[in-house]
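Take a look at the structure set out below.
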Number of protein chains: 2
Amino acid sequence: MAGVGEFDIIRDYFAGAPTGESVLLGIGDDCALLQPPAGSVLATSVDTLVAGRHFPEGTDAAKVASRSLRVNLSDLAAMGAAPLWFTLALTLPSADRKWLRGFSHGLLETAREYGISLVGGDTTAGPLSITVQVTGHAAKPLRRDGASVGDAVYVSGPLGAAAAALPVVERKRKVDAELQQAAEAAFYWPEPQLQLAQSIAPLATAAIDISDGLLADLGHICRASGVSATVDLESLPVAALARELAGESARELAATGGDDYQLCFTVPAAQVPELEQLNSGAVRIGTLVDAAGEPQVLTRWRGQSWSPKESGYQHF
Amino acid sequence: MAGVGEFDIIRDYFAGAPTGESVLLGIGDDCALLQPPAGSVLATSVDTLVAGRHFPEGTDAAKVASRSLRVNLSDLAAMGAAPLWFTLALTLPSADRKWLRGFSHGLLETAREYGISLVGGDTTAGPLSITVQVTGHAAKPLRRDGASVGDAVYVSGPLGAAAAALPVVERKRKVDAELQQAAEAAFYWPEPQLQLAQSIAPLATAAIDISDGLLADLGHICRASGVSATVDLESLPVAALARELAGESARELAATGGDDYQLCFTVPAAQVPELEQLNSGAVRIGTLVDAAGEPQVLTRWRGQSWSPKESGYQHF
């Protein structure tokens with residue numbers, strides 16, 4: 001990397017990084033050298049987490065590291081891709097050894113869990129932010145624009161936990177130690193749905209990961225595919241933690257809250273029996289219908305049309 | 001990308017991005033989908049530029065964009081790789097339309113010049129910083145660790161211009177409009193040595209781009225290859241702009257100043273005649289010698305051993 005001295009400083013902290021067979025040359029030269037699996041389609045995604053915006057200032061470094069890699073791995077899952085390698089661009093106020101130890105521990109633990117290799121990076125002095133770029137390979141990529149009228153709409157698992165956890169994570173709400181820990185796990189250790197993605201990819205027509213909120217993210221599939229969706233709120237799988245923390249509001253958080261990193265995907269009606277046989281844990285929540293020129297998500301709750309008070313994360 | 005709304009906001013600004021045939025799906029889904037050339041080795045590098053550290057606050061957006069992509073392309077050149085695609089992670093205080101127009105103009109102009117495709121990104125609110133990750137492919141990758149005793153040491157072109165320009169760019173020194181423009185060109189429009197790299201790659205044993213300063217960067221080759229280098233300062237090609245701005249100090253800036261993004265590379269003695277026949281403009285500046293267990297760069301000036309007052313950029 002240009003500014004080679006930069007990564008040298010912290011290279012030691014990442015020395016234990018796992019390395020897959022696709023990595024010919026990792027950290028330490030101007031570029032990493034990589035040999036993709038023969039004939040593969042690569043999927044790549046980049047995300048930045050900024051202190052004070054995506055996580056509270058002063059958050060434990062291992063938590064920040066875990067979340068920064070997991071949210072990127074979730075993008076690979078959303079494309080039906082398997083992880084290969086990633087890079088890290090780290091901007092931090094000073095080369096704080098304790099912070100770097102915690103960060104590298106959290107990062108490499110997550111990397112080992114999901115079998116992805118750290119191949120390079122850059123470190124600069126400045127306000128704390130973390131940019132991770134992941135690359136994977138997909139046998140059958142799942143795009144947003146492949147869905148059709150009649151497809152069934154699924155989510156991969158319970159929703160609402162991360163959104164319900166947010167006030168606790170931000171220390172705006174006090175709870176007991178056990179709930180505090182559960183809230184932090186939901187927010188900092190979301191589970192990228194990589195295995196489920198591999199199993200449903202042959203059957204699915206479109207997929208997205210739920211980062212901005214189910215209704216907002218399903219809306220992206222609808223617009224890209226030129227269809228509308230009907231969703232029955234009663235069918236949503238609501239996370240137990242969301243019920244515990246948010247009570248009556250849990251169902252709304254499941255519909256509109258972000259940061260759960262479950263998948264939303266679509267399957268043709270004819271493939272629904274095969275999908276159900278996978279016992280993947282995915283739950284059917286709706287159906288795609290004719291958009292009549294205006295793709296949208298039509299939500300019902302107890303037989304009535306329902307609109308969220310707010311839908312999705314506002315980035316600016 | 002997760003946080004898909006984010007890049008949507010500015011996607012329009014990058015709509016004119018050139019797209020190569022290796023790009024199956026660009027901006028707008030959870031991941032870009034890419035089809036690398038068959039059997040190729042990929043080279044990838046990431047760099048972050050932070051406002052107030054790598055460029056002055058308030059710098060024209062097009063200049064920042066140009067520099068951020070060019071310094072990354074230089075890393076591809078240093079590996080002997082040809083550009084394929086890149087991503088952009090942009091953190092900016094607000095979605096300032098004028099700034100975004102200027103930035104996208106500078107970025108896409110540079111992308112077109114070097115034939116590289118913008119395939120994805122992320123935009124977040126926060127203190128201004130730009131992270132670019134480039135990927136290219138290399139027929140014969142040039143690593144730092146391939147050099148041997150007896151190899152000739154070359155630089156690809158004149159040095160010292162960017163270091164001499166820095167006080168002007170930072171407005172610490174006032175010069176006339178013409179010199180101001182030349183200084184800004186040297187700093188914000190460095191020319192990644194991609195073509196030269198392709199021509200010398202079959203002959204070279206190691207290469208690096210000069211971002212931290214010649215002596216520091218040649219030192220990286222020496223340590224990686226387990227050799228020492230003798231360099232004769234009188235043989236250094238000194239940039240005319242460095243002489244004009246720095247006078248007597250120009251030669252020292254050529255030896256130790258960073259940011260020129262020329263290449264330093266090594267060629268076996270037997271291949272020197274073939275290299276010279278390329279008429280690449282590269283200049284021989286020294287020879288690799290036995291390190292005797294302690295790789296270092298041994299510099300001479302007018303027959304005397306010479307040490308720089310400072311060597312290379314300090315990142316923290």
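Using N, Cα and C of the backbone, Cβ positions are placed for all residues, glycine too.
TrEMBL annotations: computationally assigned, not manually curated.
Straight from TrEMBL, the features:
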- B:28-136: domain 'PurM-like N-terminal' (DOMAIN)
- B:ASP30, B:SER45, B:ASP75: Mg(2+) 4 binding site (BINDING)
- B:ASP30, B:ASP75, B:ASP209: Mg(2+) 3 binding site (BINDING)
- B:ASP47, B:ASP75: Mg(2+) 2 binding site (BINDING)
- B:ASP47, B:ASP122: Mg(2+) 1 binding site (BINDING)
- B:HIS54, B:ASP259, B:TYR313: substrate binding site (BINDING)
- B:GLY121, B:ASP122, B:ARG144, B:SER211: ATP binding site (BINDING)
- B:149-291: domain 'PurM-like C-terminal' (DOMAIN)
- B:ASP212: Mg(2+) 5 binding site (BINDING)
- request: Can you see whether DSSP assigns B:SER211 (ATP binding site) to helix, strand or coil?
  value: coil
- request: Can you figure out which of B:ASP47, B:HIS54, B:ASP75, B:ASP122, B:ASP259 (the binding-site residues) comes closest in space to the residue listed as 'Mg(2+) 5 binding site', comparing Cα atoms?
  value: B:ASP259
- prompt: Roughly how many angstrom lie between the C-alpha atoms of B:SER211 (ATP binding site) and B:ASP122 (Mg(2+) 1 binding site)?
  reply: 26
- request: Please work out the helix, strand and coil residue numbers for the domain 'PurM-like N-terminal' (B:28-136) from the DSSP assignment.
  value: 36 helix, 43 strand, 30 coil
Message: Run through B:SER45, B:ASP47, B:HIS54, B:ASP75, B:ARG144 for me and report the binding-site residues whose CA is within 10 Å of the CA of B:ASP122 (Mg(2+) 1 binding site), in sequence order.
response: none
Statement: For B:ARG144 (ATP binding site), the three-state DSSP class is helix
Field: Chain A contacts among the binding-site residues B:ASP30, B:ASP209, B:ASP212, B:ASP259 (Cβ under 8 Å)
entry: B:ASP30, B:ASP209, B:ASP212
Message: Based on DSSP, tally up the residues of the domain 'PurM-like C-terminal' (B:149-291) by helix, strand and coil.
response: 69 helix, 29 strand, 45 coil
Task: Can you check which residues sit near B:ASP47 (Mg(2+) 2 binding site), meaning Cβ under 8 Å from its Cβ, same chain, 6 or more apart in sequence, and list them in order?
output: B:SER68, B:VAL71, B:ASN72, B:ASP75, B:THR131, B:VAL132
Query: Whole-number Å distance between the CA of B:HIS54 (substrate binding site) and the CA of B:ARG144 (ATP binding site)?
result: 25
